[in-house]
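Trainee: Dropping the structure in here first, questions after.
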Amino acid sequence: MGTKSLCLLLASVLVASYVYTPIPENIEERWKLMLINAEFAEWLGLMHYMEVLMMITSIEYTAPISDENVTVTDTKFNNVPARLYMPRKQSSGLKRAVIYIHGGGWCVGGSGKYKAMEPYDLLSRWTANKLNAVVVSVEYRLAPMYHFPVQFEDVYTVVKFFLQNSVLVQYGVDPNRICISGDSAGGNLAAAVAQQVCYDLEVKVKLKIQALLYPALQTLDLDLPSYKDNENKPILPKSLMVRFWSEYFTTDVSLQEAMASNKHVPAESSHLFRFVNWSNLLPEKFKKDHVYASPIYGSSMLGKKYPGFLDPRAAPLLVEDTKLLGLPVTYVLTCQHDVLRDDGIMYVSRLREVGIEVIHDHIEDAIHGVLMFITSPTDLALGHRVANKYIEWLNINL
């Protein structure tokens, strides 16, 4: 198929997607929603779906350009790429630091050399400037080329390297004022890394706070009330989240199919469901009229072939309560119109049950990825207001 024909096909289906996708009235930049829902390309046999998403998001990539407030450079920490944001403000003391992990379903997005999507670049700039903080935006390797635990290991490598006293001195960072944060799949990685840091005896400097923005935190129950309520919502419908989860572990479609029917957890792992039992962990207003049903177990073979989806490093909600005890003060942002809403809320409940201080910021009128809809510091749209709330929390607590 020629380039012109391909472009015509793409344009035609984009228009159809735009017309037929329901979009909340308060969401800006409708073309982004139209692009993200472009499942048609794989249907036509043109390329792998994740390749399509990478192509679409590459439109947003921006080079490391410094401005009057922040010096931006691409670098590597222990051979893992990262983008570094250094505030230009003079400071009489040590600076705070935020380690940020981008979202994108472990498959798209970017923050490393020539791969920073504009919304992530803007958010990191604002954070560095408003907090006068060093921001490290991690570029981990992506699925489907690389599968779990590569993404976790890349992020953990950067965090462990950065938390060395010699590195903190190099960048003028206060070892007592360091945050880890991330959105969506990045929130997943941030939560998993924060858990690991707590009990790594080689890491002497610990995190002061963690901020998890609409994070993906569990693989066991993909039929939560939030998955049912938002099954076909824009940006992240259930089918896409299931695909992100399965591609994180394998390109074997048998796992994706089992996850789609919520019959992927083997009976021998039934004990893990107590960690994600939404009937116990969700406040009543989020249960609505949903009725909890006992899980239907899947093939033991999937658990043996792809044990990653049962690993707490991939699903942080699956850890024992004792592993939550050492976690820092936590901020969790959830969105009402988001399949991942209940993941974040259940984590809030579990953290509070073991005595961790948690701030839960729930945005009633937002869809998943609301922080991707930021444009400029003067924009008063929802995405910008949410970003301001997040940065203000960091400023107060870090």
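For all residues, glycine too, the Cβ spot is worked out from N, Cα and C.
Automatic prediction, not curation, is the source of TrEMBL annotations.
According to TrEMBL, the protein carries these features:
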{"type": "ACT_SITE", "residues": "SER184", "note": "active site"}
{"type": "ACT_SITE", "residues": "ASP338", "note": "active site"}
{"type": "ACT_SITE", "residues": "HIS368", "note": "active site"}
{"type": "DOMAIN", "residues": "98-261", "note": "domain 'Alpha/beta hydrolase fold-3'"}
{"type": "DOMAIN", "residues": "310-371", "note": "domain 'Alpha/beta hydrolase fold-3'"}
{"type": "SIGNAL", "residues": "1-17", "note": "signal peptide"}
Trainee: Roughly how many Å separate the Cα of SER184 (active site) from that of HIS368 (active site), to the nearest whole number?
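Mentor: Per the Cα atoms, SER184 (active site) and HIS368 (active site) stand 8 Å apart.
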Trainee: What does the structure give for the C-alpha distance between HIS368 (active site) and ASP338 (active site)? Integer Å is fine.
Mentor: 5
Trainee: Does anything in the same chain, at least 6 positions from ASP338 (active site), have a Cβ under 8 Å from its Cβ, and if so what?
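Mentor: Counting only residues 6 or more apart in sequence, the Cβ neighbours of ASP338 (active site) under 8 Å are TYR214, SER226, ASN230, LYS233, LEU236, ALA366, ILE367, HIS368.
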Trainee: Take every residue in the domain 'Alpha/beta hydrolase fold-3' (98-261), average their pLDDT values, and give the whole-number result.
Mentor: 94
Trainee: Under DSSP, the domain 'Alpha/beta hydrolase fold-3' (310-371) has how many residues in helix, strand and coil?
Mentor: 22 helix, 19 strand, 21 coil
Trainee: Mind giving me a neighbour count for HIS368 (active site)? Other Cβ atoms within 10 Å of its Cβ, every protein chain shown.
Mentor: 27
Trainee: Please report the number of other Cβ atoms within 10 Å of the Cβ of SER184 (active site).
Mentor: 29
